[in-house]
Amino acid sequence: MTRQCAPPASGTGAPLSGSVLAEAAVVFAVVLSIHAAVWDRYSWCAVALAVQAFYVQYKWDRLLQQGSAVFRFRTSANSGLLPASVVMPLLGLVMKERCQSAGNPYFERFGIVVAASGMAVALFSSVLALGLTRPVPSNTCVISGLAGGVIIYIMKHSLSVGEVIEVLEVLLIFVYLNMILLYLLPRCFTPGEALLVLGGISFMLNQLIKRSLTVVESQGDPVDFFLLVVVVGMVLMGVFFSTLFVFMDSGTWASSIFFHLMTCVLALGVVLPWLHRLIHRNPLLWLLQFLFQTNTRIYLLAYWTLLATLACQVVLYQNAKRSSSESKKHQAPTIARKYFHFIVVATYVPGIVFDRSLLYVAATVCLAVFLFLEYVRYFRIKPLGHTLRSLLSLFLDERDSGPLILTHIYLLLGMSLPIWLVPRPCTQKGSLGGARALVPYAGVLAVGVGDTVASIFGSTMGEIHWPGTKKTFEGTMTSIFAQIISVALILIFDSGVDLNYSYAWILGSISIMSLLEAYTTQIDNLLLPLYLLILLMA
């Protein structure tokens, strides 16, 4: 989707643009909506965090424009600190409310820890920006200090000693991941995207360590452990090979053979034993039994295999068109890139309707495959590395300005996070009635339908542009209309969805997300489903 790059700033910095202010207004509308729905001391902390993030975001933008940031961030967008800072805290708040309503005190406290961890990593990013800014912005420091002091005071008197230690562990992991990954992967993230992605990975790694140390007491669902082990294992594998190939050429056959051997060693010697310790059974046998447990699952797997084959055919067809084109710089048009959005919608909707547990596991496996193939492409691992580089280069856009190609992974994450993040232990007593019944469909609505329709109609028929952006009014309106139609279809085909007359809240949530899509310069495939998930769960 076409985006507008921030104009270069002078040495004294440029005033906030209209698009950044509009994005901030949408984010504050979400924060205040959640605050009104929750209305406790934690929601006041979220409001304070949003206020200080708004001021600090301007400092981050100046650092990026002047090239003064410690790491090299993606330059085709603003810092995105405000929209990213409030995601984890708001998610924790709505999770706490739902589990409190369901009478589940364990996951109620878990939601508070999620919110506190999100606030901790967001405050660290703010302090980092203020520490790098010269001269030191005294007014912003005062605002950030006051907000941070209020948050720390409230959390200190709300968390147990163990929970405080857990939050500090997440913060420590986040700091180390920032230093390692942002150095190894320049221009792959904005500060906001780094906060969102690395903050989530840090929390998952800490949860995996915690559950591994208390494995005797752990009574979690095996699919949850499967997600934790797979994600953390793939991230650690990437860090390992990134560090290793700094000292050796990854494009030789010797390095490629070593890569494949070490992948097998890590999978068979680390990941599988780790998962076996958590689920107390053979992971491979458990996975096979789980996948082929019912006829419905077999039919779904066959159907998904057909769709995966279709997606591969789209890639090969578009590359064949490029080969026959006279221009060597031929790029896939917007509509061609949105084919994949239609395919993932066709993939996820049957899974949500018929077997969400299978979709949960299948999305985890697909994420592992995507990450592995990206490692093969990035490190030029033979025999597929160069082929993947050629095939995927056709679908690059300005968001893929770094060495990694992440847009397809963000698309998968945007569709899967609403499935993964639904607090299942808190949904056994009908606590996901009304608008909350649409929570698993947040990715389908925001990315699969809304973003796709906005992009296609905006680029082909749009004439009236939103101020300060290249997005169009027509694209946004058709996006809202398409999502409303999709909600109506969900009501028809999914008998488990009962909205209980919460139509006004659903319409408002969809409209806010469509406005955020129009003004944000961050990765919308990742950001929009999370915000819609938060609003629907509230």
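Cβ atoms here come from the backbone N, Cα and C positions, even for glycine.
TrEMBL has this to say about the protein:
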type	residues	note
TRANSMEM	16-34	transmembrane segment
TRANSMEM	78-95	transmembrane segment
TRANSMEM	107-130	transmembrane segment
TRANSMEM	167-185	transmembrane segment
TRANSMEM	225-248	transmembrane segment
TRANSMEM	257-276	transmembrane segment
TRANSMEM	296-317	transmembrane segment
TRANSMEM	338-354	transmembrane segment
TRANSMEM	360-380	transmembrane segment
TRANSMEM	441-461	transmembrane segment
TRANSMEM	473-493	transmembrane segment
TRANSMEM	499-519	transmembrane segment
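Sequence-distant neighbours of the transmembrane segment (441-461) (same chain, 6+ residues past either end, Cβ-Cβ under 8 Å): 1-2, 334-335, 338, 341-342, 344-345, 348-349, 352, 411, 414-419, 471-472, 474-476, 478-480, 482-483, 486-487, 490, 510, 513-514, 517-518, 524-525, 528-529, 531-533, 536. Against the transmembrane segment (107-130), stretch 78-95 has more CB pairs under 8 A than any other of 78-95, 360-380, 473-493, 499-519.
For the transmembrane segment (499-519), the list of distant contacts is 19, 22-23, 26-27, 29-30, 83, 433-435, 437-438, 445-446, 450-451, 454, 466, 468-469, 471, 475-476, 479-480, 483-484, 487, 491, 527-528, 531-532, 535-536: same-chain residues at least six beyond its ends, Cβ to Cβ under 8 Å.
When Cβ-Cβ distances below 8 Å are used as the criterion, the transmembrane segment (167-185) is approached by residues 71, 73, 113, 116-117, 120-121, 124, 155, 159, 194, 198-199, 201-203, 205-206, 209, 239, 242-243, 246, 402-404 of the same chain, each at least six residues removed from its ends. Residues 296, 300, 303-304, 307, 310-311, 314, 362, 408, 411-412, 415, 419, 440-441, 443-444, 447-449, 451-452, 455-456, 493-494 of the same chain lie 6+ residues outside the transmembrane segment (338-354) yet bring a C-beta within less than 8 angstroms of a C-beta in it.
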